[in-house]
Structure formats: C-alpha cells, structure tokens
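Some notes on the structure that comes next.
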C-alpha cells in the first residue's frame, strides 16, 4: 500500500482547519447577530417616528421599479401594474458599533419590527385595502433601513381614446405619506424617473418613459405642506392587433358598399347587399363600444365606423330611389329634356354607359348578327313594304286611301252583282278598322317601350355616377384615418 507524502498530509490538515475556522466565524457572527438584535429591540418601539428631536424632519428616499404592466382597463380606466417599491430612511435608535460585534455591519429582520413610513398610492383604485407585504428590511450599523417590497397596484388613469387604436396614454402613480406632513416626513425621489431596467415587455403597450416629479401641496384643511412624488407612465399602444382585427375588415367591407350600384337592377340583390354590409359594420361598432369607456370622446375608429355606416345608409336609400326610376313603365312621364341632355347625352359618355343590354353584347356576336341579317335581306325586302304600311305614321293615310279607293271601285254600280258588292264593302270597312286598331296598338307599344328604355338608361347612368362617388368617399375616408394615425 502506497503511503501519503508529508506535503499532501499538511495540505489536508490546512483545508480542515480552514473549514473549521469558517464554521466558527459563522457561528460567531450568528451569535453576535442574536446579541445585537436583543440589545437593539430591548427598549425599541415601532409606533413612534424614529428621530431624536421631534422637530426634525425624517427624510424618506423613494425609488420605483416597474416590472410589468398586467392590465389596462380602458372601460373602467384602471391601470394594473407590478412594481418594486424601495424605501430607505435612517432610524436614530437602531445604530451600533460594528467593531463591538465582530465587524457585523448589517442584519435582516422582519419589517413589522421597525417603524415604517405610511407611504401609500394616492390614486389607488383597488377595493382591497390590504397592508404592505411584510418583507424583511436591511438594517445597517449607521441606522439606515432599506425596505424593498413588491406590490401589484391598481391605479386610476384618465384614458383618452380619441385616437384609438393609435393612441398614447399618460398614467400617474402618486406616492405620499397618508398622515405625516412635510415637516415630519419628507419624501425624496431617488432618481429622476422610474427604473425600467427590469421591465418585462408588454404585448399591447410600449413604454416611452416614466419621469418622476416631486410636488408639495398645501390642502385647505391644513396649513402644513404635504409632499408627494408622482411617476408619469408614458404608454404607446401597439396597434397591429386592432388594425388587422377591427380596422382592415371595416375598410374591406366599406369597399363593398359602392359595388351595390354596379349590380343589375333586375337581380333583386342591390338593397340586400347594402343592408348586409350595414349589419356587418354594426357588429364591429358594438365590439369597439364594449372596449371603450362611455365618454363623450368618440374614438377615431368609432368615427370611421359611424361615417361608413352613414355612407352605406345613404347608398341604400339612393339604390331604392334608382330602382324606382329603373322600373318606370308605360304610365311614367317621358324623360325631361334636361335629363336627356345632361344624363343621357353627356354623363352616359363620361361613365361609359351604353344602352340597356349593349355592354353585354360582344363585338363577335354583333358581327354574326349583321351577317345573319344580310342573309335575310331578300325576305325582309318583301316584308318591308307591309311593315311600313302597318307601322309607319305617314303610311297609314296612304294605306287608308288605297283601301278606300279599292272600296269605292268594289262598291261601283254593277247592276248584276249589287248584293255581292254590298257584302264586299262591309268586309273592307271591318278590315280597315282592324288594321287601324293594330297600327295604333303597335305604335303605342313602341312609344311605351322606348320610354321605359330611356328611364332604365337614366337609372343605369345614375348607378354608375354614384358608384364612383362612393368609391372616392371610401378611399379618402381610409386615407384620412391612416393619416391621423401617422
């Protein structure tokens, strides 16, 4: 068996001796800490302000570290935040000579054993009036006490939703003593702003700063000053969620409204489209109303919804009026002269509106139709004379004269066929009456049909005119809301 060398034996002894000494030192420090605690709190009272002179001001240094924004309730105007609150002050009765206690310079004790300043959040909006978290305090040999305590605070915050969802908010956190005035306890802010180094990034809000300002207020009830420190939390909303879920669907639905004017009037879906779009926007409006507080400041997106709904309501009303114009029949008055000039002559050319059914006919079909008509020219020439006699306004008198001439010839004096000629004259008279009746019916039918076609074209031109007008309105409304957001 190999024997250990003397050097390794001495090293082992040295390590054992060092460990024993460290354990002895720790035991000694624990012993001194118990002795110190018993001596310090033998005659100590945490009920009174720890100053040797009651006229002397006790300075409390305050530092706030923002860890997380848990919730921003816009409807109830409450900000819920997770804070680390650090307070430090000097206690005149908790001092010791560290050399007397083997260099012990600090101890940690429960905070309820020492006097604590009653610094509270003035604008607290929580129903639970619980005591501060009973964490330990760090007590130094020179009497300095440092108290770090976490807190979940609910504070009232005036929310301005005028530019929602592109808004910025400023929420104040005001801390001050509840019972001590400025001549007894003075608050000093440790930094010019809240500490944001440990902030956990929020999914909805961006933090643009947390400046701190000390205020000294004299209330009407008392002549003493009351100092407080106000931390202003500057928040900027991340609007991507609301753009893709509230704003973009509204814009897309808004562009559907003008297309109702492009639908054919005979489809029967023009009014249904407008009503459907209006109901869809009403659903989005209710979603925004549930989020926003019931205040007089209407949010930007709410104004956009109201303007869009007004526009869709107007478009639906105009669609109903234009449909009535489209379905004007034979009983309607003729199209006024000014409407012929302005609408049928000029506006129809500007908006490329053709006659009813003309834009649905392709050029190829027009050519085939012309060739077909040319092939039937021989048949049409034979019927042309008859049609001109039946339908022509001037040819009716010629036809009547011809028939009367034939009638006079047939009704001439022929002694042997008098009875037959009388019967023939009666037949000609009945034929003339029937032809006149048919010609009048066809002429009235053509006039009524032409009148209805003119009113349909007027309705079509007005549809096209309002379609472009409402497209331009929707476009400029969308650009306006994006411009205000920028």
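Just so it is clear, glycine is given a Cβ too, placed from its N, Cα and C backbone atoms.
TrEMBL: automatically predicted annotations, no manual curation.
Note that the coordinates shown come from a computational prediction; the quantities given were computed from them, not determined experimentally.
Cross-referencing 205-226, 271-292, 337-358 with TrEMBL places the feature transmembrane segment at 271-292.
Below 8 angstroms of C-beta separation, residues 247, 250, 253-254, 257-258, 260-261, 265, 270-271, 274-275, 277-278, 281-282, 284-285, 288, 298, 455, 458-459, 462-463, 466, 470, 473-474, 477, 481 of the same chain, each at least six residues beyond the ends of the transmembrane segment (304-325), sit close to that stretch. Sequence-distant contacts of the transmembrane segment (241-264) (same chain, six or more residues past either end, CB-CB distance under 8 Å): 164-165, 204, 270-271, 273-274, 277, 280-281, 284, 287-288, 301, 304-305, 308, 311-312, 315-316, 318-319, 322, 463-464, 466-468, 470-471, 474, 477-478, 481. For the transmembrane segment (465-483), same-chain residues at least 6 beyond its ends with a Cβ under 8 Å from one of its own Cβ atoms are 247, 251, 254-255, 257-259, 261-262, 300-301, 304, 307-308, 311, 315, 318, 322, 347, 351.
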